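Some features that TrEMBL has for this protein:
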- 6-125: domain 'Arf-GAP' (DOMAIN)
- 128-229: domain 'PH' (DOMAIN)
- 251-355: domain 'PH' (DOMAIN)
């Protein structure tokens, strides 16, 4: 049996097999010998939880029977994709190695266990254009999670939630046009925690939600992506699916604590939670605040924005030693990080944004920031 191991390893050199069949991680070391796919260690743990569909072995450490090797040789990642991913909707989120466990688990279960992508009828929960249900939502003031009714309607271009089960009027209407959703399990303290942001009067608002059922939460996420996709198809009729899909939802470029001082740079530095969301740098007193204390637009180098290492010699009152100065056409923002690696990571995130030319619509956002009181 053991002599079959080198033959299994050779199969990894075939086209499609050099990356995990489920999340795309390079150099997969595991395989599902009932599905015929090569997978990474993280995804193999999920496959183990659906033994009725998938049985896994280590490519290099386990003994392989000849029939199992022949099965792997006759299948492989490309063949499995052709079967199990034949009808994945363009808007459906395909997880990467860095995504949270929930997204990877539900993608794997949707593919192999529920076989949602071989039959469009099974995609009804997220492709129907309308969805309603109850989700746990964090209260803005008391921080408690309470059950709230949510309604997503593509026809109205909105996600709404209601404070009482019998309420006629929604507590909030979030326009699909300005909506984003990103999984934040560590920040929210729940493995299915989702942060939804939307713009109200051009300021960012956050809500934090979860559902105990992982499939339910993943379906809500993909329903939001579907609604965004169909909105963008109408808004940009000439754009291809490949152009629109990256705009459906986005993860934040960077989040974490830094210290900041005010515009006069005479008061002491205060510790704040910062979120870099595309060109909006927002800061909050607490990571789970509904509203930002302030927002800074970060434009491009051509428009007079730069990021400098360190703080001016006159800066005082910061406890953390690793400074960053953001220069905008209006003023300088002074920030301080606790460690040098953290400072480097923030500078890299800022420079990515500054080095990117601005889009026409971003000039309109910049103008709004300049006219804010």
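Note: Cβ is positioned from N, Cα and C throughout, glycine not excepted.
Secondary structure counts, DSSP: the domain 'Arf-GAP' (6-125) has 50 helix, 11 strand, 59 coil. Here the domain 'Arf-GAP' (6-125) returns a mean pLDDT of 95 for the predicted model. Each residue in the domain 'PH' (128-229) gets a DSSP state, and the totals come to 23 helix, 46 strand, 33 coil.
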